[in-house]
Each structure stands twice: as structure tokens, then as C-alpha cells.
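**Student:** This is the structure I want to talk about, given as C-alpha cells.
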Amino acid sequence: MKILLSNDDGIHAEGIQILARELRKFADVTLVAPDRNRSAASSSLTLVEPLRPLRLPNGDYCLNGTPADCVYLALNGFLSGQVDLVVSGINAGVNLGDDVIYSGTVAAALEGRYLGLPAIAVSLDGRQHYESAARVVCELIPRLHGQILQRREILNINVPDIPYEEIKGVKVCHLGYRAAAAEVVKQQDPRGEAIYWVGPAGLAENEQEGTDFHAVKNGYVAITPIQADMTAYHSLQSLQDWLESE
């Protein structure tokens, strides 16, 4: 199996390095990742400057672009041979609910799906037990490849930040959602000018049983199938009826 591995935390992030090590025990892995942290880059592509892949001594590549750039360029540019699967992660921090809209981790997987390949995104609810998340992924891939992963979807996997032995199991979940993130951090630069930082994500507002929030909070791996089609199908008919009533 040939796997393209990327992330949004950057090529030197602990999560992607641990996952690459474990995946290489059973697969041919090509790692192409941003040269720095590109968290929350979503599916943005770099269109106003050239992309420069740098091949490192160990054969991995870093790129001066976004996670989506990495997957797009690797699959359309410099990689030779057939890729069987795109994997993105391990992200430092969960991508639950509305997070998937902003997530570069999820976007890298979606870019693989756009280009016709099965793909998964994996995130850890913290920064400690990356080995747990890597083990989960390595156990799931042989079971999923050639079956679920052939659909026009990606799988968004979130793992609790606990030792592997304490994980209670795996649950298939739908996305929850967060409250609005209204906090902005205002500071001053050395010249006294105002500068701003985007604050933390909103708290979980829907973490009922069946959501990804609930699963991870209670010690389960959450797997959510995600599709790029964001059409609100349940509203199509009511919208059509409204237009025709005018």
C-alpha cells in the first residue's frame, strides 16, 4: 500500500512524525507537509506565489504552502506511481463539530478525496498520547481500505488523549457543534499599536450522545464520515415552495 501523508501542524510536528514511523511498518509512505504550522488554513490554495517543495535528507518533503497545497502538488506534480490512500494528521487537538470547516488537517484529506483518492484525517484531543492515535489509525486502515474508503467521503477520526489501553472503543458519530467563538485577544505591539489574536474555539454546545464530542469526552474514538457536498437537502423543497409562492 502506498500512502501520502500530510498535516497542518508542519513537517516537524510530533504527531506526523510518530504516525509516519508507525505507518512505515506496513506501508510505503511519502510525507509531504507544510514547512511551518498552518493550522486553520482550511482548504486554501496558494495562488499568488510559487510553491517550492524541498526534499529532506530522509526523503520527506516540506512545502511553503498550505495542507491542501501539499496534497494537490504531490498528487498532480512530483509524485510518481499510484497512491492508494491519503492520511492527514496526527493533529495536536481535536477537530470536532464545526472545527472541520476551519481545519487544515481535514482539508488535506478532502483534497485527496477531490482528486479521487480515499482519505482519512486523524486528530488527538491533546498533545501527549500520539502513540495511541497512531495505533488506532494503523489498526483501522487495513479494515477500511477497499471498503468504506472507496466512497466519495473522507473519515474524520478523533482520538481521546489517553493511553491506548484506556480507550473504551470506537463509535461512529455525527458532528456536534460549538457555541460562537466571540473572544478576541487585544494587545499592543512595541510601538503601542493595537494588535489582535483570534481567541479559542467556542465551547461545545451540542455534545449529546451520538455526537463526536460525546464520544471523545467519554473515552471513545469518534469516526465521522464527511462529504464535501454542503447542500442542506432538507431545505431544498421549502425554499422552492417559498419562491413559487411569491
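Numbers here mean position along the shown chain, with the first residue as 1.
Just so it is clear, glycine is given a Cβ too, placed from its N, Cα and C backbone atoms.
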**Student:** Of the residues Ser39, Ser80, only one is listed by Swiss-Prot in the divalent metal cation site with Asp8, Asp9, Asn91. Which is it?
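**Tutor:** It is Ser39, as the record lists it for that site.
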**Student:** Among the binding-site residues Asp8, Asp9, point out the residue whose Cβ has the most other Cβ atoms within 10 Å, with all shown protein chains included in the count.
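**Tutor:** The most densely surrounded of these binding-site residues is Asp8.
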